[in-house]
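Trainee: Got a structure for you, questions after.
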Amino acid sequence: MSSHITLIKTNTSNENQMTQCNYPVDNDVMIIQAMVNNVTKQITPVWPLEKFIACNSLHGFESMSFEEAVIQNQTAKKGTPFNEKLERVNWHMIKWCGSFLDIGQGTIEMPHRDKGLYFGFLKLAPFDSTLHQNNKSTKNWLSNLPEMPEQAIRLCLDKLGVLNQRQEEFLQSTLSHLPGWAGYIKWISEWKNRNGKEENPVSLVDFLAVRLIITCILWPEANLEEKKKEKDSADTKQLIQNIKHKEDDYRQLLLKKLLPELNKVQIKGNRAKAQMVFCIDVRSEPFRRCIEKLGHYETLGFAGFFGLPVSIKDYDGETIKDSCPVLLKPRFNIHEKAIAANEHCLEHHEKGKEFKKILNRVYQQLKYNFSTPFALVESLGIWCGITMFLKSCSPIFARRLTQDLNEMICPSIQTQPVFELDLLEKEVGISLQEQIAYAEMALRLMGLTDNFAKLVIFCGHGSSTQNNPYASALDCGACGGNQGGKNAQLLASILNKITVRRALAENGINIPQDTVFCGAQHDTTTDEVEIYHSNVSQFIDQDILDQLRADLNMAKHNNNLERINYLNSIDCAEKDIVRRSADWSETRPEWGLARNAAFIVAPRQLTKNIDLEGRCFLHSYDWSKDEDGTLLETILTAPMVVAQWINTQYLFSTIDNVAYGSGSKITHNVAGKIGVMQGNASDLMHGLPLQSVMSHDEKSFHEPQRLLTVVYAPREIISELVEKHDVLKTLFFNEWVHLVAIDPRSHLFYKLEKTNTWSVIK
């Protein structure tokens, strides 16, 4: 039999009447869990700032058509009336979430965090006078709440008088008031905890239980809330029409540019001077164009994690970062080691690193001790003032000075990945068989299986900014919001191994003996490219390397001139670009992926001679080398899905920056090192800042439109893949993504309709 609990509720003249309540625990727990699972499906996960990942703001509504989802959400948000009691409930919920979820910003850690949010709330809420207002009855009620959050939800639903048929709707409404905090908790429970147990466990069941308890105390008539007044959806429908017009205009323009290039796709050139494989990121497109104009260079596009699902521990780091798309689980742990250097340099580095740790620890202790902060200010105030002056008036000089001081104290050393399987520590490294398998798959996916140049560069990317909570949003999304240079260096190291090359030759990929692979990193803020070649043991043609470096520097200059037009600067292009990366007051160091519009899966010959204006994700692909469509299948179900997340985040952050973005950076406050709030207490903002999508308050820089995917491959192959994968059916048939196929034989353009039919585009 199911066990039962009895909840004794007292009566007072000033409180709501409370009655005795009996119910079966097991049955109710299952019912509540099922309801919560249903209502949380529409909550979009929110990634923390350190690994800020673009995600569709309406991810939970993708089962609807794009138009239906937008109308439903816009109408609901605009029809929500202001309610003072609701704001009080929100304020308390923000306080509890901020305290529990904090990861090092707070001076004093919330007690009982290791037992979970609900347990911690149970223990501490009776001491929160701002919540219970020292009312004895309320304090007694708080002290006698059930131990399980599901039981608390049932208790509160009954206390609020929510009818059974309305309970799921009521829970959905409850979650919708703070979607940012709810989304972050969803990320913790569904994404962060995929690899093990969470140190401070929390779930949306806990979140709902705590919120409903607070609601019972501060807003007991919440169930009687006036229904949201549905605003006429005419404005939203007009918005959708505007988006459609932009999409039609852009598609017509893009296909018009591609049409004359169709006859050039099969033209094969001679052996290139060097080949560079860039991330598919839209910021790579103009830089690739610039470097190709300077010599006989070939560039390719591939996901910036270079096909390696790894976690990487930095040489100086104490944390391990997942350097692969969030859709994948890291399979391998990789460490770094110092490249052979003189013993004195390594010793100096280690001592300097330890000295900086001690200095930081002492500073933190003095800063947060009850008696020493004033003395700290008195002793360091003048130096802090000088630092602030330099960073404000001469940011480039200030950064250079900081770098020089760091080099004096702790000289930097070059590192290389340790990827060989460790027999003593088997969870570290990659076996030889897996090295071969991942290297082959990467080369086939990027279309680099023959005609290798003497020098092949895998170029990851990252950004360089100051005082920017959203710094990871400018890094590589395919690397989980981290910089991609280490993945590039890792794949290059694997492909330089003789044993790997021999195995690849047996599988039909013959890499010439004089071909050398190197990793590199493209700084998308300044367009600097750093090539990592110190760990390469093979002979590198120094003339080619020197010429490539000179051409990369010229490409940087040319691309800066192109980019500066969009940044509205009157200064010298290169000087202003560098200043933006060093200036701690700069709200727009770069435009990121703003204006992204299309995802092109095709050989580079199709787009090489076209100015795509930095608006296209470019993934290299040769359908003639993919008879069964497995390579295209991977491209459409992985990188294209990530591109759609990016596209929709920019789209929704533009059309409603308050609801789906994060507002102006000027009023941001970092909360618990996990996200930002507007002011001192708001929902956790979960989209892009105003400055990332708007030229100014009234004019958008990003053009909101859905992703246009263009695939150079026969329709029958594409149709088979769409039928095979539900995610593709959802995105294409619900019109979250538009798909155009270019037939390689007839050179006709076809559009995939939501009815699963193809129509010719004329």
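Glycine residues also receive a Cβ, built from the backbone N, Cα and C atoms like all the rest.
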Trainee: Cys279, Asp281, Cys476 bind Zn(2+) according to Swiss-Prot; which of His245, His461 goes with them?
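Mentor: Between His245, His461, Swiss-Prot records just one in the Zn(2+) site with Cys279, Asp281, Cys476, namely His461.
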Trainee: Using Cβ-Cβ distances, find the residues under 8 Å from Cys279 (Zn(2+) binding site) that belong to the same chain and are at least 6 apart in sequence, listing them in sequence order.
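Mentor: Cys279 (Zn(2+) binding site) has long-range Cβ partners Gly301, Phe302, Ala303, Gly304, Cys459, Gly460, His461, Cys476, Ala478, Gly484, His522.
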Trainee: Show which residues of the chain containing Asp281 (Zn(2+) binding site), separated from it by at least 6 in sequence, have their CB under 8 Å from its CB.
Mentor: Gly304, His461, Cys476, Gly477, Thr524, Leu593, Phe617
